[in-house]
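Colleague: Let me begin by handing over the structure; questions about it come next.
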Amino acid sequence: MEEFGISPGQLVAVFWDKSSPEEALKKLVARLQELTGSEGQVFMENVTQLLQSSHKESSFDVILSGVVPGSTSLHSAEVLAEMARILRPGGCLFLKEPVETAEVNNDKMKTASKLCSALTLSGLVEIKELQREALSPEEVQSVQEHLGYHSDSLRSVRVTGKKPNFEVGSSSQLKLPNKKSSSVKPVVDPAAAKLWTLSANDMEDDSVDLIDSDELLDPEDLKRPDPASLKAPSCGEGKKRKACKNCTCGLAEELEREQSKAQSSQPKSACGNCYLGDAFRCANCPYLGMPAFKPGEQVLLSNSNLQDA
């Protein structure tokens, strides 16, 4: 028990599973209760119920899992992450698990290195392998019965990890050194400053060539362009004039004006019954002979209809 570093007043959690011998579990818990004393507490739970228990964050000082003699517990990534969550900052986790030493492809058994990597990914630090030994005959039988795994290259590994002295997501103010502003002005090279200085006397010097901005433009550049020349070459080409989607040459507005002008020139019904059909139309109705249409529907009349009307 000394390797667990348990002291009086601590809260210790012991996780077991169906492979843990009952008598060995009772003996372990009794010894832990002696170490924690009356001010401490030893909590026991089946590891398969850990994810459903909803323990409070940072609840235990020490967590022991799979350390019951004869136990062959396996720990998933979710279980390890939950153990790290309920462990207090600075608390320690001790677990024992059978691992595979041969190079085999399986998802059931982890190697010792993969087990340490899983502990690191769960948020623990200072991961150490404390012990590696061969499985006892009882543990080999337990692996075959409870895990359904057969291998001669299994070893029992005991590892430990520590939770950092801060919670995940916590923030801390950084103490940055105060940079004192210097009152001493930087030294300026006189030769360099002279290169960037242009006095009034230099402006009157005949050797200084100044460019007149007006001379940069030709007379052709100052002429206003013809609006027709600004239209895109392909805009409105063909028999049917059609403006581009993002027309900027004015063709869209021109077509809209032509359309509104054509609509205003169309004759309007005086009686309001033209859309019902010939039975309801006047003798001089321009829509005679045309089928009925919906109210408000646009109907274009040919020149012959207009002349007959």
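Just so you know, glycine gets a Cβ as well, placed from its N, Cα and C.
Below are the features listed in Swiss-Prot for this protein:
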- CYS235, CYS244, CYS247, CYS249: [2Fe-2S] cluster binding site (BINDING)
- SER182: phosphoserine (MOD_RES)
- SER183: phosphoserine (MOD_RES)
- SER213: phosphoserine (MOD_RES)
- SER269: phosphoserine (MOD_RES)
- SER302: phosphoserine (MOD_RES)
- SER304: phosphoserine (MOD_RES)
- 6-172: region 'N-terminal SAM-like domain' (REGION)
- 173-222: region 'Linker' (REGION)
- 235-249: region 'Fe-S binding site A' (REGION)
- 271-274: motif 'Cx2C motif 1' (MOTIF)
- 282-285: motif 'Cx2C motif 2' (MOTIF)
Colleague: On the 0 to 100 scale, where does the mean pLDDT of the motif 'Cx2C motif 1' (271-274) fall?
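Modeller: Here the predicted model's pLDDT, averaged over the motif 'Cx2C motif 1' (271-274), is 74.
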Colleague: If you compare CA-to-CA distances from CYS247 ([2Fe-2S] cluster binding site) to each of the modified residues SER183, SER213, SER302, which comes out shortest?
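Modeller: Closest candidate to CYS247 ([2Fe-2S] cluster binding site), judged by Cα separation, is SER302.
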Colleague: When a 10 Å sphere is centred on the Cβ of CYS249 ([2Fe-2S] cluster binding site), how many other Cβ atoms does it contain?
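Modeller: Excluding its own Cβ, the number within 10 Å is 17.
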Colleague: Whose Cβ, among the modified residues SER183, SER213, SER302, has more other Cβ atoms within 10 Å than any of the rest?
Modeller: SER302
Colleague: Determine, to the nearest whole angstrom, how far the Cα atom of SER213 (phosphoserine) is from the Cα atom of CYS249 ([2Fe-2S] cluster binding site).
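Modeller: For SER213 (phosphoserine) versus CYS249 ([2Fe-2S] cluster binding site), the Cα atoms are 31 Å apart.
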Colleague: Minimum Cβ neighbour count within 10 Å among the binding-site residues CYS244, CYS247: which residue?
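Modeller: So among CYS244, CYS247, the binding-site residues given, the one with the fewest Cβ atoms within 10 Å is CYS244.
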Colleague: In the motif 'Cx2C motif 1' (271-274), how many residues does DSSP put in helix, strand and coil?
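Modeller: Its residues divide into 1 helix, 0 strand, 3 coil.
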Colleague: For SER302 (phosphoserine), identify the closest of the recorded positions SER183, CYS244, CYS249, judging by Cα separation.
Modeller: CYS244
Colleague: Could you measure between CYS244 ([2Fe-2S] cluster binding site) and SER183 (phosphoserine) for me? Cα positions, answer in whole angstrom.
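Modeller: Between the alpha carbons of CYS244 ([2Fe-2S] cluster binding site) and SER183 (phosphoserine) there are 64 Å.
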